Amino acid sequence: MTFATTDLCDAHEDKLAAGTLRVLQPALRPYGGAARFAGPAATLKVFEDNTLVRAALEQDGGGRVLVVDGGASLRCALVGGNLGALAEKNGWAGIVVHGCVRDAAELRECKVGVLALATHPRKSDKRGAGERDVPVTVLGTRIAPGEWIYADDDGVLVSATSLT
């Protein structure tokens, strides 16, 4: 899929004004091997527990983007190299983590986009806590399941509908 978030913003100023196209605050850093990715959002709300993240990535991604609202925790990682490889194997376009990742060198080798706040060497808990397919909030922006995510070097967009 070829697009530029800058061009999408320019072409859809009406959607930006209406709030059906939103721009995430520029605080996420790239860690995956794909610099540009897009797809409908699958959402998770978790806190310092990545059990649901693994369960989601074990499923066929079908070109979707997994959006993980990790509560902006900087105390452990929710995604690492093994989950990045799993996402690539199962056809996920990308992963957006409102929290941390680890195994940064391994994530760079995966042909999937990965964005997160930071890296952290500690793994998460495995309690199975969290919610799936619910509206989440990432950097103050609400993202509902099925909304479209567009990410590249210039930023991340959330759209109520497909723009390409």
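Backbone N, Cα and C define each Cβ position, glycine as well.
Taking a C-beta cut-off of under 8 angstroms and a sequence separation of 6 or more, GLY80 (substrate binding site) has the following same-chain neighbours: VAL101, ARG102, ASP103, GLU106, LEU107, LYS123. If you look up Swiss-Prot, you'll see GLY80, GLY81, ASN82, LEU83, ARG102 marked as substrate binding site, on the strength of similarity to another entry.
What Swiss-Prot records for ASP103 is divalent metal cation binding site, and it gives similarity to another entry as the kind of evidence.
Take the mean position of the Cβ atoms of GLY80, GLY81, ASN82, LEU83, ARG102, the recorded substrate site; other residues of that chain with a Cβ within 8 Å of it are ALA77, VAL79, GLY84, ALA85, VAL101, ASP103, GLU106, LEU107. A 10 Å cutoff on Cβ-Cβ distances gives ASN82 (substrate binding site) a total of 12 other Cβ atoms nearby, all chains included. The Cβ neighbour count for GLY81 (substrate binding site), using a 10 Å radius over every protein chain in view, is 17.
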